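A.B. asks: Pasting in a structure now, in structure tokens, and then I'll have a few things to ask.
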Amino acid sequence: MDLSIILLLLLAPLGGFLINTFLGKQLGKGASGAIGTLAIVISFVCTLLLFLGLEPGADTKADLFHWLTFQNFSVDFSFQFDQLSLLWLLFVTGIGSLIHLYSISYMHHDKDFYKFFSYLNLFVFFMIVLVSGSNLPILFIGWEGVGLCSYLLIGFWYSNQAYNDAAKKAFIMNRVGDLGLLIGIFILATVAGTLDYQGLETFFQTKGSLVDSTWLAVAALCLFIGACGKSAQLPLYTWLPDAMAGPTPVSALIHAATMVTAGIFMVTRLHFLFDLVPAIQNVIAVVGVSTALFAATIGLAQNDIKKVLAYSTVSQLGLMFLALGVGAYEVAVFHVITHAFFKACLFLGAGSVIHANSDEQDMRKMGGLRKVMPITFITMLISSLAIAGIFPLSGFWSKDEILLEAFHYSIPFWAVASLASILTAFYMFRLMFLTFFGEFRGTEHAKSHLHESPALMTIPLVILATLAAVGGLISIPGSSWLMHFLEPLLHTDGAPEHHALDQTAYILMAVASVGALVGIFIAYRKYISNKEVPGEDSEVTGFTKVLAEKYYVDELYDSVFVKPINLLARFFRDVVETALGSLVYGFGKAAAEISNQGRKVHNGSIGLYLFVFVIGFCLIVSYLFLAQ
Amino acid sequence: MEVIYLLILLLVGAGLTYFSVDKAASRVALLISTVAFGYSLYLVSLHYGGQLPENIHFDWISKPSIGFDLRLDGLALLMLVLTTTLLPLIVASGIETKFANAKSLYALVLLMAFAMCGTFVASNGLLYYIFWEVALIPIYFIALIWGSGDAEERKKQVVKFFIYTFAGSLFMLVGFVYLYGKAGSLLLTDLYKLELSYDEQLLVFGGFFLAYAIKIPLIPFHTWQANVYQKAPAMGTMLLSGIMLKMGLYSVIRWQIPISPDASKELMPYLVWIGIAGVIYGSIVALRQRDVKKLLAYSSLAHVGLIAAGFYGLTADGITSGIIQMFGHGLVVVGVFFAVEVIERRYQTRAISELGGIRAQAVKFASAFLIVTLASVALPGTVNFVGEFGLLFSLSTQNVWFSVIGGLTIVLGAYYMLKMYQQVMLGEANKKPFADLSVTESLIFGALAAVIFFFGIYPQPINDLIAPAVNEIIAQISTN
């Protein structure tokens, strides 16, 4: 591997961050945005070079220097650019470049424009570290680093304390997962004596069967908890919908396309460990499929356009975890990539809508926008069809493979995942119909400002929509480029029977397609034929209300975790601290009191002294006498 | 010999500062502490070149036979470097504040640095004890005279602190007297060779424990801490939290554990749990504090609890990481207390309820404060991550529950620190104007951040420096 390319790939975003942080204000918006975008484009070009120069069997590691030293293992600051890393890097830097470009226009009026680009650059830097590190602690640097950037960008408009709350919640909730990840790392270090991916793989291939399987299961479970935090799975998903407080390009890049896929990346990276613990794989599949359905139901009743997309992301991530759980890593990766295309496009499209609509995010105050914003409409439509799984768009292929794998693993999983997919088709077209069809329902003022977004915003939309349409080509059944590409890492050569299209596969495809069409059709009946518009929040009742209120999970966490711990804090502060303080003071008081009493004896009276002396003398003499 | 010059420099420097004038005192002190910093780096270079004699002996008292013994191995050297790195920054933090009788204040600061350096290098029990106690006197006056808040209440708290820590230390003195009776010497290496029975070790261990548990502090011996941190002037709080509490932690691995290894091994789980209990307790109490300084005091309680747990876990990894974390904690705690000082200078308050909306007015300060806040929650890339990761890892090798419970610090720490940052810094712009960092203030934060990041990414020099000392401690634990 060419070290200079690797360093350029890593350091360009860091350089962009530093330049924008220290000089951004002086540079002005034009230069600041250009530098920020260029930094990511450079990384993208470097990734392409590495990708094209990748030779099978070549050494992909680059050791920089020694980092941490422990008795039984040490950790190097080193990176590896193999198939998995490069795949992730391609879409992180590729989509990253597009979103930077888009942001130049989207954030143009913001006074902290340069800060935005510096944070966004820093995010990409940490994301690169996360996916290209060659051991778990380096991954952890990236892991927490992207969490930090997520925190900074969710709370980007820091004047609003509600946004700051959302940012804080994201960080803390992620840290719950991070603790799991850390414990998992510790166990692996103790068990295997290395944290290097290659070292771990060799260890598990040769000695994996000798290790106590309980420890392996615990390690895998802990790592998975980490993945749940970062990739917003049950029960640690509640931060992601709140994270929509951040500017929309952030939602597209961090909270849809890249950062939230880190959990899937990590599990895929450590597939050799998860393969050894079927029980935990089963847990992953159950959590994944439950999240997919759970989040999809909430998505049915949201009226904020970004919230719908957020729950959709949670749901889609659930499907990816389902694929991981059933051991179909390459399928999960496939869906990560297609999802990155169509979901980034959807978020940027939503941003375009919000931008045009005087920052209104409530779909009840939209409608009829397809006439004013044709490009946004067409690109979002393509992406919605893709996410709904309509042939032959990218989502059809990747989702279909997940359903197929799930079907072979367990039919109930397949059924639940299919239901989630039907719901997806419904709520996505609910979103499309409410936003782009019918009459405009906003204020007159907003109506007069409606406009299609400028080219800097629509070009990324068009590119992403194109990818959302044709991205499925990288892994069509029968000739999967993706699978061959990942084969050296995942050793999937034993699995191609799923890819040969048999009768079951065709039937499942048909069922999925009909399901998606049914979902779209129901949405059409409701929102086009019957012209329904969701009611005011106060009018919502029954189960819809429960869905709109997200099953009251936030309230539950608040009363089970947040409130008790704050009560405890008050108790400690007001009662325990005071009691301990008085105890120490009591010792001092007691000492003072004893000496005070003692002082009374020394009153200068010779008679008393003589009296005590005589008694003491008698006592000593009698003691000596008795002792004999 | 060389290390003597450092001690002399600080002592004479204290004198010079005292006999200077109030206007120039801070600059004289800054000059001396900067020279001390440079000199300690020179010592490090000598150490790496193998030109620095480790042990120094002068005859001192013939009966009982007590020598003036100093020992400058890598561990002691690191503590000197920590002290002299922080010292100029602490002195500089006061330059923009006008103090009454400034020359006495800065003289006391240097005197305290002298005593703390002496504590780190002394290798004879009595000499060590004297330095240990001398260090207490300057901080007593600093907190009492230049502190804030109601004078009567302050006096009460500071006197309590003095008596409490002093009383604890007396038990250590008793321990030394006992050890002298056994060994006929108080030289560290002689004490290491001493083979005490388990019960004898327990006595010595207990005596030392009271002194150290109060100084560090460990719960439930921490009651002096938050109040004194709150009342003391910023410089005093920084000296206390940045350096002085490290005297206690350092002594645990230099004196207590190696002299009573069997007792340490026997008590290991209990001691680790005490440390971890401090982590949890401190983190939770910090959640609902009204005064930023008090919040940070409890946060410090949590951090040192984890270091103590790592030390008492008796693993090489735990001790190494604990030492790295002492270094990291020193930097961070000075940083966060300095941030509070910056706020107090402008707003004359530390009450969280009266703050907020500073970020909108002071971008540089907001970034600086955020960096030290994140270092405090051990974000990877900071030296604090290196320490915390190693500490939690080492604990997991003893018992996974140690690291699961102790690891809650990464969740709770993020909770109280980010909550504090949000309440103090974010939100609608504060109506009162807030001037962004001055040049001096920027330099202080810049220097701290540079060291925090450098060793976060490249901690190897610290590892190399302390490895022999750690091996010695581990050998001492395993041979007895």
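In case you wondered, yes, glycine gets a Cβ from its N, Cα and C as well.
Values in this document were obtained by computation on a predicted structure and should not be read as measured data.
According to TrEMBL, the record shows the following:
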- A:67-117: domain 'NADH-Ubiquinone oxidoreductase (complex I) chain 5 N-terminal' (DOMAIN)
- A:135-424: domain 'NADH:quinone oxidoreductase/Mrp antiporter transmembrane' (DOMAIN)
- A:6-23: transmembrane segment (TRANSMEM)
- A:86-104: transmembrane segment (TRANSMEM)
- A:116-132: transmembrane segment (TRANSMEM)
- A:138-158: transmembrane segment (TRANSMEM)
- A:179-195: transmembrane segment (TRANSMEM)
- A:215-240: transmembrane segment (TRANSMEM)
- A:252-274: transmembrane segment (TRANSMEM)
- A:308-326: transmembrane segment (TRANSMEM)
- A:375-393: transmembrane segment (TRANSMEM)
- A:413-437: transmembrane segment (TRANSMEM)
- A:503-524: transmembrane segment (TRANSMEM)
- A:606-626: transmembrane segment (TRANSMEM)
A.B. asks: So, by DSSP, how many helix, strand and coil residues make up the domain 'NADH-Ubiquinone oxidoreductase (complex I) chain 5 N-terminal' (A:67-117)?
C.D. replies: 29 helix, 10 strand, 12 coil
A.B. asks: Which stretch, A:86-104, A:138-158, A:215-240, A:413-437, A:503-524, tops the Cβ pairs under 8 Å count with the transmembrane segment (A:308-326)?
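C.D. replies: Highest pair count goes to A:413-437.
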A.B. asks: Given the cut-off of 8 Å on Cβ pairs that are 6 or more apart in sequence, determine whether the transmembrane segment (A:375-393) and the transmembrane segment (A:252-274) share at least 3 such pairs.
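C.D. replies: Touching, no - the transmembrane segment (A:375-393) and the transmembrane segment (A:252-274) miss the threshold of 3 or more Cβ pairs under 8 Å.
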A.B. asks: Restricting to the domain 'NADH-Ubiquinone oxidoreductase (complex I) chain 5 N-terminal' (A:67-117), what is the model's mean pLDDT?
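C.D. replies: Taking every residue in the domain 'NADH-Ubiquinone oxidoreductase (complex I) chain 5 N-terminal' (A:67-117) and averaging pLDDT yields 91.
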A.B. asks: Quick test of the contact rule: Cβ under 8 Å, at least six residues beyond the ends. What residues does that give for the transmembrane segment (A:6-23)?
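C.D. replies: Distal contacts: 32, 35-36, 38-40, 42-43, 46-47, 50, 62, 79, 81, 89, 114-115, 117-119, 121-122, 124-125, 128-129, 132.
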